[in-house]
Amino acid sequence: MPKRNDIKTILVIGSGPIIIGQAAEFDYAGTQACLALKEEGYKVILVNSNPATIMTDTEIADKVYIEPLTLDFVSRIIRKEQPDALLPTLGGQTGLNMAVQLHEAGILEENNVTLLGTKLSSIEQAEDRDLFRNLMNELNEPVPESDIVNTVQQAIDFATSIGYPVIVRPAFTMGGTGGGICHDEKELVEIVTNGLKYSPVTQCLIEKSIAGYKEIEYEVMRDSNDNAIVVCNMENIDPVGIHTGDSIVVAPSQTLTDKEYHMLRDVSLKIIRALGIEGGCNVQLALDPHSFNYYIIEVNPRVSRSSALASKATGYPIAKLAAKIAVGLTLDEMMNPVTGTSYAAFEPALDYVVSKIPRFPFDKFEKGERVLGTQMKATGEVMAIGRTYEESLLKAIRSLEYGVHHLGLPNGEAFELDFIKQRIGEQDDERLFFIGEAIRRGVTLEEIHEMTQIDYFFLNKFQHIIDIEHDLKDNVGDIDHLIWAKKYGFSDKVIAHRWNMTEKEIYDIRHENHILPVYKMVDTCASEFESNTPYFYGTYETENESIRSDKKKVVVLGSGPIRIGQGVEFDYATVHAVWAIREAGYEAIIINNNPETVSTDFSISDKLYFEPLTEEDVMNIINLEQPEGVVVQFGGQTAINLAEKLTKYGVKVLGTSLENLDRAEDRKEFEALMQRIEIPQPLGKTATSVEEAVANADFIGYPVLVRPSYVLGGRAMEIVYNEEELINYMTQAVKASPEHPVLIDRYLTGKEIEVDAICDGETVVIPGIMEHIERAGVHSGDSIAVYPPQTLTEKQIATLEDYTKRLAHGLEIKGLLNIQYVISNDEVFVLEVNPRASRTVPFLSKITDVPMANLAMKAILGESLISKGYKDGLVPYKEGVYVKAPVFSFSKLKNVDITLGPEMKSTGEVMGKDITLEKALYKGLVASGLQVKDHGTVLITVADKDKAEALGLAKRFHEVGYRIMATSGTAKLLKENDIPVVEVSKIGNEFNLLDVIRDGHVQIVINTMTKGKQIERDGFQIRRDSVDNGVPCLTSLDTARALLEVIESMTFNMNQM
């Protein structure tokens, strides 16, 4: 069927900021879809609030709106642009929910906008738990016994009738938000109360738990001619009960019999046909391991996290083809872009095994609730490809960057066996590693199966890995055993550990004996058709399919899995660097392991290696490809940390030299540089022991900022106010040593400023200066940033420009540079310098029209910035005001304190732009999910040191018509100053402030940290209850002031005559 000619302009809705449950996979899908629609001749208008994406680059769509994804703003864009059609199925849950809202508000009908892809009735049938259950009953397909509830009492009544445990699934949410498994009434009340709040239609499904069944997924596609295919089927190693986003997944499925595979395949195709979905769809099924009984768990009528994984696992570009299906093309008339010789209607075939492991944020949030359930907690994921299951699993494990390199924990032998068994039974994020440890200790597979319900197939594979370990130990130096271990994915590091050698010694033994990996092509067809995709994975076999070309090559290291502190911004920089390399006439080779991202789309680079970002795996590729050099400055800390290791092998690091990368990180060298170029920095010292830390802090004077050296995202960084807190930090948060010193700095309160620059060795281009709303002490990634700066003097701006140039020359920067400054008592100090891409690169590139990553890469390759039309110094400001606001995923992470500080906690970002600061801030806050209301109730409970400042804010809240609630101390101060206030009791009394928050009487909570970090602290409880009840909680008075300015700008002045 030919494509539709009755539509010319299509509006695509993006998925907004990165949050747990909705990550970089939608940037990948949206980018593919927009380009596919443009390829077919349509005019594409994109709306998305996330500036950190490739998708929001002006080249991707004909018109790009970076605006809040709310009914109000999307409606305005529809009225202005008058698109013919809307494609909502590429924007995750956000896109689907927006389509439903636009329909219900009459906006689509009023503006004659057609919905493409999946019909609204299909979306509602798949997403509304009641309609979905009814459809399954009509199809005679089994769903677990369930009921739809709109109140807590209905949930209690139903759960009592069918018996616990039950699973709660809120309607129209993603990542299992608000859901969970309940083992008793207490858990049910808590989870359903939350679930009803998070569901936009106040509806939850309560279903009989089938935890323990196998969880199987089918990624299916269908077109308007009713051609339907299975792109990929996947098996969760963790049985039903753990959200698929938090499960370890393998593709293709490993334990299904042919009968089971085809039974579930037929069911999946039957469901996509019944729903009438045109495009991609994900079907999740539960299979009884002991019979042919199965249940339908749910259907996602859109492109999803699983479809990104399926695309990368097979090479089959689901989002691209789904977009073309949406405009009427069919599978049997589109070529498969991978092979170029077969049609898209051929189902992909795999001759390898793919493993996906989630990446969790618990290295950031050590006190977070680690137990896994139906609510997702992972921020990202890694994928690895191997010829055996063992190989793909071990490659995935070493891609995680947790400090684990194998099936076990770094000091696993120190744990008691009882503790290991307890952790296996707890079903948390480290269970896989504890299973490895248990097998090492001789725990039987029967006992592990009993505790986990993990299929024996996988447990036997884990056993096989441990058996190979034992064989290695018993046969030190034996080449046959080395080859055998390499075939099953063992790294040189692990073999070196077993043989009591160094990793370099194993590397040398391999090279002497020609034990080298070959690279196989991912071609969607198991080599059945001719294919020339430049997409490879490494394995230890004989035939190498990756042929080295004669062109000059540059290798770019990607940034690995999405995690807090290292988000999609680094993938953005990586992609632009790769494009710049290709423009400059070099062959661009990328190494990365994240299935969600644009950088791992094989059409981006000349060659893609889907491999772990470790010394060994990267060196294997470099030895084969012989590049001019490697670029590390776009891949975040992941890539920077590899620079020194690669240099030892004689690899050339392109751009800023290793020596200068180290100079920016090494305390003493950096201080010497700062003195030489005469730039002030806060007084600081280094400590390698507790005693030295105490002495240094006494000399500097409290409060001090303490942190380990060489980290990203402010990991384990804290402000401490006295000796007791310092000792606590030194003994619990870090292990200081001569190799790993702790940095201790005077903590300066003042205005924080962030500057990004590009240098070619001579010219220093400064695209922009950003001013943070929150004063120094809040991590830059968690601050609201404003461009251009609103309160700086010309003298301060000139100083910032001068210091930035001095630093760029002093560090001999070639490429990018990011500097954080603090202005304290009108003096500019340097806080830190990062000689690499920063998380502000996409934001600044978009708002200044300076293609930062592209220019930096050209500078690295030796081109001058002047030849590109840029002058030395600060680029003239663009018109308007631009705000970058952080977005947090606290609602998904229990027991995590939301207080902002020097350690980063946000998962994503949004942008607001307008002609005034207040309007831009309004857009930024609304886009980040904050409901800005011009009236309501604000609860103020602050530390003593903040009371004087809070008084001024309270007065202004009162003047705009807000009611004020406060606890006794704050209330007393307000009354003394004639500000009306409702006093509420502290925690522990009847009807206290937690009741006020839980009962929905409060619209905003302002709570600043009272020292003492124990979880039981009242402050922690207030902040957690705010998050769990969907009430904005501001822990910085600067953020509160910004919000207040927005509310004031929305408020009319009411004065009596």
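Every residue, even glycine, has its Cβ placed from backbone N, Cα and C.
What Swiss-Prot records for this protein:
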{"type": "REGION", "residues": "1-401", "note": "region 'Carboxyphosphate synthetic domain'"}
{"type": "BINDING", "residues": "R129, R169, G175, G176, K208, I210, E215, G241, I242, H243, Q284, E298", "note": "ATP 1 binding site"}
{"type": "DOMAIN", "residues": "133-327", "note": "domain 'ATP-grasp 1'"}
{"type": "BINDING", "residues": "Q284, E298", "note": "Mg(2+) 1 binding site"}
{"type": "BINDING", "residues": "Q284, E298", "note": "Mn(2+) 1 binding site"}
{"type": "BINDING", "residues": "E298, N300", "note": "Mn(2+) 2 binding site"}
{"type": "BINDING", "residues": "E298, N300", "note": "Mg(2+) 2 binding site"}
{"type": "REGION", "residues": "402-546", "note": "region 'Oligomerization domain'"}
{"type": "REGION", "residues": "547-929", "note": "region 'Carbamoyl phosphate synthetic domain'"}
{"type": "DOMAIN", "residues": "671-861", "note": "domain 'ATP-grasp 2'"}
{"type": "BINDING", "residues": "R707, R746, L748, E752, G777, V778, H779, S780, Q820, E832", "note": "ATP 2 binding site"}
{"type": "BINDING", "residues": "Q820, E832", "note": "Mg(2+) 3 binding site"}
{"type": "BINDING", "residues": "Q820, E832", "note": "Mn(2+) 3 binding site"}
{"type": "BINDING", "residues": "E832, N834", "note": "Mn(2+) 4 binding site"}
{"type": "BINDING", "residues": "E832, N834", "note": "Mg(2+) 4 binding site"}
{"type": "REGION", "residues": "930-1057", "note": "region 'Allosteric domain'"}
{"type": "DOMAIN", "residues": "930-1057", "note": "domain 'MGS-like'"}
Inside 10 Å of the Cβ of L748 (ATP 2 binding site), count up the other Cβ atoms and send me the figure.
21
State which of the following binding-site residues has the fewest other Cβ atoms within 10 Å around its Cβ: R129, K208, R707, H779.
K208
Simplified to three states, DSSP reports E215 (ATP 1 binding site) as strand
Using C-alpha atoms only, work out the spacing between R707 (ATP 2 binding site) and E298 (Mg(2+) 1 binding site) and round it to an integer in Å.
45
For the binding-site residues listed here (Q284, N300, Q820, N834), tell me which residue's CB has the most neighbouring CB atoms inside 10 Å.
N300
If you measure from the C-alpha of L748 (ATP 2 binding site), which of the binding-site residues R129, I242, Q284, N300, E832, N834 fall inside 10 Å?
none
Closest to N300 (Mn(2+) 2 binding site): which of the binding-site residues R129, E215, H779, going by Cα position?
R129
Over the span of the region 'Allosteric domain' (930-1057), how high is the average pLDDT in this prediction?
87
Which listed residue (E215, E298, E832) has most other Cβ within 10 Å, given these are binding-site residues:
E215
Among the binding-site residues listed as E215, G777, H779, Q820, within 10 angstroms of E832 (Mg(2+) 3 binding site) by C-alpha we get Q820
Are there residues of the same chain, six or more positions away from G777 (ATP 2 binding site), whose CB falls under 8 angstroms from its CB, and which are they?
L705, I719, Y747, T749, G901, P902
Please give me the CB contact count at 10 A for I242 (ATP 1 binding site), counting all chains in the structure.
27
Between C-alpha atoms, which of these binding-site residues comes nearest to N834 (Mn(2+) 4 binding site): R129, K208, E298, H779, Q820?
Q820
Please list, for the region 'Allosteric domain' (930-1057), how many residues fall into helix, strand and coil according to DSSP.
56 helix, 21 strand, 51 coil
Restricting the comparison to the binding-site residues E298, H779, Q820, which residue's C-alpha is spatially nearest the C-alpha of E215 (ATP 1 binding site)?
E298
Could you put numbers on the helix, strand and coil content of the region 'Oligomerization domain' (402-546), residue by residue per DSSP?
77 helix, 11 strand, 57 coil
